[in-house]
Amino acid sequence: MPVAALQERAFLYHRRHNCVPAYAATRTGCPENRQHPIPAACVVAIMNRPRHWIDPPDLKAATIAQREIARAAEHRDRFGPVSVVAGVDTSMKWRDTRGPIHAAVAPLPWPLADPFAAHTISVVPPIPYVPGYLGFRECPALLQVLDGIARRPDLVLVDGHGIAHPRRCGIATHLGVVADVPSIGCAKTILCGKVEGELGPDPGDRAPLVDRGEVVAMALRTRPRANPIFVSTGHRISLETAVEWVLKLTDGRRLPLPTRLAHEAANAARRAYSDGAS
DNA sequence: GCGACAG
DNA sequence: ATCTTGTCGC
């Protein structure tokens with residue numbers, strides 16, 4: 001059976017058996033609050049966009065939505081002064097394709113100071129992981145977690161690609177456009193394209209990631225002797241500015257600080273959820 | 001047709 | 001994405 005057919009089958013099956021369109025939402029670490037509906041604010045955020053941008057009936061519609069989102073995305077700097085920068089990430093149980101994912105947003109003041117409290121949420125995603133369609137799996141959870149903090153971040157770092165995607169619509173672009181927030185894609189491995197030229201060994205060294213003749217991301221060395229990360233524009237930011245911000249937020253580790261904090265928060269949420277379930 | 005494939 | 005301990009090296 002062709003891969004596309006298998007992907008379609010998984011997509012539809014997952015969709016039919018889980019909580020779409022009303023995502024079953026829970027608050028992390030509060031097992032007694034499970035099965036509550038999502039906040040109205042999140043429903044509004046989703047409903048204010050073409051429905052298939054976040055809730056397509058099948059992979060074909062999802063592919064069309066990605067092309068439309070890619071057209072709507074902006075890759076030039078268009079954001080105000082940054083006073084809050086946030087990382088978002090999700091976590092899940094090992095090899096669990098049907099269970100909930102745990103999304104976190106970790107806001108930081110800029111200039112850098114003590115981080116604000118992270119916020120987490122646990123939801124059953126509408127589809128399983130399908131390479132190339134990550135946004136449709138994780139955006140509902142990320143939208144909801146973004147709506148859960150008092151102040152909307154001025155800039156968001158997403159774990160995954162922005163335009164470094166076959167249809168130029170990775171999760172960072174997807175989330176940026178749907179939430180209308182400036183976003184940067186920050187991935188650990190390549191989805192498409194190849195690094196052109198030699199990448200130097202020192203932090204700050206970079207080499208372009210090229211796909212079909214386009215520079216879609218920058219392979220960026222953030223730590224000596226560690227593999228590079230791949231920085232791409234999500235929405236309302238240029239590649240050069242995105243790289244600048246990632247470097248400003250890098251503190252000797254491979255991944256930038258907001259991303260790490262979000263990762264930690266999401267993992268903590270997953271453990272709290274598991275502990276509460278048992 | 002075949003291989004590759006973020007999280 | 002995640003499981004899991006120690007071990008090696010700057």
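Even glycines carry a Cβ here, placed using N, Cα and C.
Over all protein chains present, the Cβ of A:D89 (Mg(2+) binding site) has 30 other Cβ atoms lying within 10 Å. As annotated by TrEMBL, Mg(2+) binding site applies to A:D89, A:D159.
Counting every protein chain shown, 14 other Cβ atoms lie within 10 Å of the Cβ of A:Y129 (site 'Interaction with target DNA'). Per TrEMBL, the feature site 'Interaction with target DNA' maps to A:Y129.
Distance from the CA of A:Y129 (site 'Interaction with target DNA') to the CA of A:D89 (Mg(2+) binding site) is 15 Å. Spatially close to A:D159 (Mg(2+) binding site) yet at least six residues away along the chain are A:G87, A:V88, A:D89, A:T90, A:C186, A:A187, A:K188, A:T259, A:A262, A:H263, judged by Cβ distances under 8 angstroms.
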